[in-house]
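Residues or ranges marked as Fe cation 1 binding site by TrEMBL: 63, 93, 96, 180. According to TrEMBL, the Fe cation 2 binding site annotation covers 93, 145, 180, 183. Sequence annotations record features per position, and here TrEMBL assigns compositional bias 'Low complexity' to 23-36. The annotation region 'Disordered' is assigned in TrEMBL to 21-49.
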């Protein structure tokens, strides 16, 4: 288990590094040319408006954090009865993260500078609550997903009220919102509310998630 913890915490972030390099490049040719063997960047889109920029940056940060939370839970509980359930949710979160990494590149959005912190904090939160037991891990899931579902619903309203709604982003967030709701319900079904100090623990986690969202919107 210790070996797995070290591997996850030391996981490199090559995509984020390449994004920062790309966002600081000058000249259209250097921004639109993909190196051999690198991800396709030929589908770059016009720079987004302020709303789209904010949504993509904060949602990328949120899905990175969720990915790391489930990685932490899997490091502790992956071989137990909940391993398959957590693994399924983690696979969906990895797909969410991948999609927002692609949107970051396509729209040339600057990732939040808090990325390294959210990477470690997410894993610590997931592993820490998992060490408290399966029900505590599920309580963490319920708290995090409650905030994410509310956050996505707010974004959907903002997009639909915009003069020119981004239909692709609307569809992406709707799909991810539904999957996050599924994760919330899974946590409830697996005894989250029976965790010790459930109310206090979930309120602290919710506050932390909301604070992370507010920070990631701006920096």
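Using N, Cα and C of the backbone, Cβ positions are placed for all residues, glycine too.
Annotation for residue 96 (Fe cation 1 binding site): spatial neighbours 63, 66, 67, 176, 179, criterion Cβ-Cβ under 8 Å with sequence separation of six or more.
Proximity of residue 93 (Fe cation 1 binding site) to non-local residues of its own chain (separation of 6 or more, Cβ distance below 8 Å) is seen for 63, 66, 67, 69, 70, given in sequence order. Each of 66, 89, 92, 141, 144, 148, 149, 179, 181, 182, 184 belongs to the same chain as 93, 145, 180, 183, is absent from that list, and has a C-beta within 8 angstroms of the C-beta centroid marking the Fe cation 2 site. Sitting within 8 Å of the Cβ centre of 63, 93, 96, 180, and not among those site residues for Fe cation 1, are the Cβ atoms of 62, 66, 67, 92, 95, 97, 148, 176, 179. Same-chain residues at least 6 positions away in sequence with a Cβ under 8 Å from that of residue 180 (Fe cation 1 binding site) are, in sequence order, 145, 148, 149, 152.
Around residue 183 (Fe cation 2 binding site), a 10 Å sphere centred on its CB holds 24 further CB atoms from the protein chains shown.
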